[in-house]
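These features come from TrEMBL:
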type: DOMAIN; residues: 12-688; note: domain 'Myosin motor'
type: BINDING; residues: Gly105, Glu106, Ser107, Gly108, Ala109, Gly110, Lys111, Thr112; note: ATP binding site
type: REGION; residues: 565-587; note: region 'Actin-binding'
type: DOMAIN; residues: 822-1006; note: domain 'TH1'
Amino acid sequence: MEASLTARDRVGIQDFVLLDAYTSESAFLDNLRKRFHENLIYTYIGTLLVSVNPYKELDIYSKKQMDTYMGVNFFELPPHIYALADNVFRTMLSEFNNHFILISGESGAGKTEASKKILQFYAVSCPSTKLLNNVRDRLLLSNPVLEAFGNAKTLKNDNSSRFGKYMDIQFDHQGGAVGGHILSYLLEKSRVVHQNHGERNFHIFYQMVEGGEEDLLRWLGLERNCKNYSYLVQGGCPKVSSINDKSDWKTVRKALSVIEFSETDIENLFGIIASVLHLGNIKFAADDRGYASLNNNQEMHWLLGIPAQVLQHGLTHRKIEAKSEEVFSPFSVDHAVYARDALAKAIYGRTFNWLVNKINESLANMDSSRKTVIGLLDIYGFEVFSVNSFEQFCINYCNEKLQQLFIQLTLKSEQEEYEMEGIEWEPVPYFNNKIICDLVEEKHRGIISLLDEECLRPGEATDLTLLEKMEDKIGGHPHFVTHKLADQKTRKTLERGDFRLLHYAGEVTYCVVGFLDKNNDLLYRNGKEVMRQSKNTVIKHCFPSTEPDSKRRPETVVTQFKSSLVGLTEILLSKEPWYVRCIKPNEAKQPGRFDDVLIRHQVKYLGLMEHLRVRRAGFAYRRKYEIFLQRYKPLCPDTWPNWKGTAAEGVHCLIKHLGYKSDEYKMGRTKIFIRHPRTLFATEDAFQVCKHKLATRIQAKYKGYRSFFRSYFRLMCTIQTATKIETCWRGLMARKEREKRAWAVKVIQKFIKGFMTRNEPSCNDNSEYLAYVRQNYLIRLRENLPKTVLEKDCWLTPPPIMKEVGDTFFNTNYFRCSYNIQHQTSGVTSSMFKGRKENYPLSVCRPFLDTRIGKRIQSFTIFLEDTYRNYMVKYDRNGFRPRVRQLIFTQEAAYLVEEAKIKQRIDYSSLKGVSVSNLSDNFLILHVTFDDIKQKGDLVLQCEYLFEALTKMSVIANKQNCIKVVQGSVRFDIQPGREGFVDFKSGQESMVYRAKNGHLMVVRLM
């Protein structure tokens, strides 16, 4: 609230308690009008919220707005229904007690919408789990169901609640909505059979006829035309432009499913609604003796599965019991119509109660642990029509009781706050409406007692005899007047059948006609018996056979309503109260129109001026010391910028500096109380001036510091940038140096291992070293070749690994013969691998031999005319397990041999191709066809003399074009339809292993 005090002249005051002329209705209305024309529809009276219906959509109910008001101090933001809902919720959680919000106002003032907004706020703000979301959805969707069955269009409101509703929302200790319970009060059942001109029956009838599916209407015997049903056309407006019955029907169908109504229950419920419409179309005619008879039986077929003959007899006869005998007395036409309408009202009324109980079952919380509760009471406001009947009498009596409770609770809360703060309580004068409540409800003398006596007494009791009895018993009461008792001037405004009550909200004239019938609301006993023969399970539940058929008359409607109000009062007295007062700005439902006369009347009967006087009787403004000091401490040099003592001491120092007079304030235990709004406004104005001065000083200081720090920050940024670049460069150089050293270590280790194993057969450890020795020897040999071939002693001594090559060179004749062959073979190798495989240059210095096996296997020389032999390492196709084998090439095929046993034969004709990588590894993959069922699949081999073996095979088998050098991975067939892969890459260390993806990984030294 304090944050918006400066805007008070343009948009009015946000809290009427701060109004200087708080006793003036004109000042009250003027403030309300200012805010209304600025679309500020909410205003406080302390913690009471006044809401004016804008009759248009306002962008103040979004999710963003809800988030804004969550967890914020009540007066910190502009008035809003979300602020009140949040404050109630947080107070409930902190104090762990029960609360209720009373929403009141006349029809069309926006009570139902206010209730919806509060429910929607709790749905968003409460903790969310799957279970809590289910409860939340049921709570929200119970509204459209109850609106459909309990709301109707009236002259003042297109969606008027024709029953009172009190809903309890149950919360757990964390604030999650875990359940709920609904109580309903005084459903206007007479609307089922009669509507005034310009009004409609309950929404559900029109929703079913307009929105029901074709199959459903056919099953229920209904037509899609409201004008065909007597109970729907009495008001003359079955269709309303502001109501979309088809859309509302879909909403109700969905809501019933979410609330967990079974399909059977839904079918039975719709069957009852249709039956009420059919019942209204039943017409009676007088027979020869003047008794009622049915002149059409067409509608009887659709009535709740009751045999037509039984229903016909029940609608035209009354059961009378005389001692042990039962006699059926026929009805006149008027009595038959009354019995039919009474039955329709009873069916609908009991079905509505069943519906509320069914919703309560769905909302019930099964956890027995203690729960806190927030109640929402959405009840009819004070009603004054041109003709006021029994319903208005009950509604206005309810408002008298609630006003009495309202004043009591308001005074009680004020007195408790004063006592808690240690401030002397001064009695507040106010109008006590107990005199009016006693006039209505006093035993033996009140209007309710007189009405019941007249309903129950034997003889011909009429509405006029009731009026005479009231004139006789309470004629001298100052708040009661009739045509007979009035003076000459007042008598002109009263009809002979009227009586007038002077309520707290003003005078209301009631027409006594219909009071006795509506209060009796009798259903003949045989009508109940007829209903018990229905096949509809809901009707059987509503008219149970266990219901006692007492010969005593049941309680009258007004007595039941009085008992309900007593129960409601007890519920409300056990909870902490909060209030929302709804106001209708005009009768035409036009946005922006402010009708002073209408609003002045509502302000009076809502008791707003009374409530304001109670709130202002003592002190207009009260705040906790901490909040007051935090806002206004800049006004005193001793409290600004930081106060070291307690908040109470700081406030005392502050108000002493401001010059508050002793009669303008009181210091409580935790709050400061300020008597007059002008004192607060003067403080606020001083704060606004001080705030601007502080802002100027802060701005000047800020600009100076910003100028200094801007240059300082630039220098620091430059230094930091240079430091970062230097750090990154040093890191990069260090990483490169580390990589070089790691590479050098591996090369040296490789060289030492090769030197130590130089005299052993070639293997992974010494292969590169031996290649280096050969290359070095050949280079030196190139520089020191003998002048002639005959200079045998001039040849350089070869290393042990090249002893065979040395002998070959020394054997001049062999050298001459093999020179041409070697030259041709090296040409083939060069054409296939030069520039395509990394380790090709190392093979140039190696002469090719016909065999690499020292001692031949004699058992094979008999039948294998081999041309080349070499050792190989074969890798299994499944699992890649290495196995040493001999590879032998003949003129017709290649053989894989293990210890004189042929493991696999590969015909050259079935050899599709050979794959090798472009890296320095020594792997080859032989791809074969699967024409022969004995063929096992492609071979993965590793050969030290790779170039020699491939060159020999290409020459022998004429397969030069089949050898392919590939990059990356090589695919091979394990068996038909199943494939494998060999992946090649360079690394810091040579290795062969099976990778996680199932491929064979070959890593060669970079």
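Including glycine, each Cβ sits where the backbone N, Cα and C put it.
Whatever TrEMBL says is automated annotation, not expert-curated.
Sequence-distant neighbours of Lys111 (ATP binding site): residues of the same chain at least 6 apart with a C-beta under 8 Å from its C-beta are Ile103, Ser104, Gly105, Ser161, Asp378, Ile379, Gly381, Val580, Cys582. Shown in sequence order, Asn53, Asn157, Ser160, Gly381, Cys582, Lys584 are the same-chain residues outside Gly105, Glu106, Ser107, Gly108, Ala109, Gly110, Lys111, Thr112 whose Cβ sits within 8 Å of the Cβ centre of the ATP site.
Residue density at Ser107 (ATP binding site): 21 other Cβ atoms are found within 10 A of its Cβ, drawing on all protein chains shown.
Look at the Cβ of each of the binding-site residues Gly105, Gly108, Gly110 and count the other Cβ atoms within 10 Å; the largest number goes with Gly105. Counted with DSSP, the region 'Actin-binding' (565-587) comes out as 9 helix, 8 strand, 6 coil. Confidence over the domain 'TH1' (822-1006), given as mean pLDDT on the 0 to 100 scale, stands at 82.
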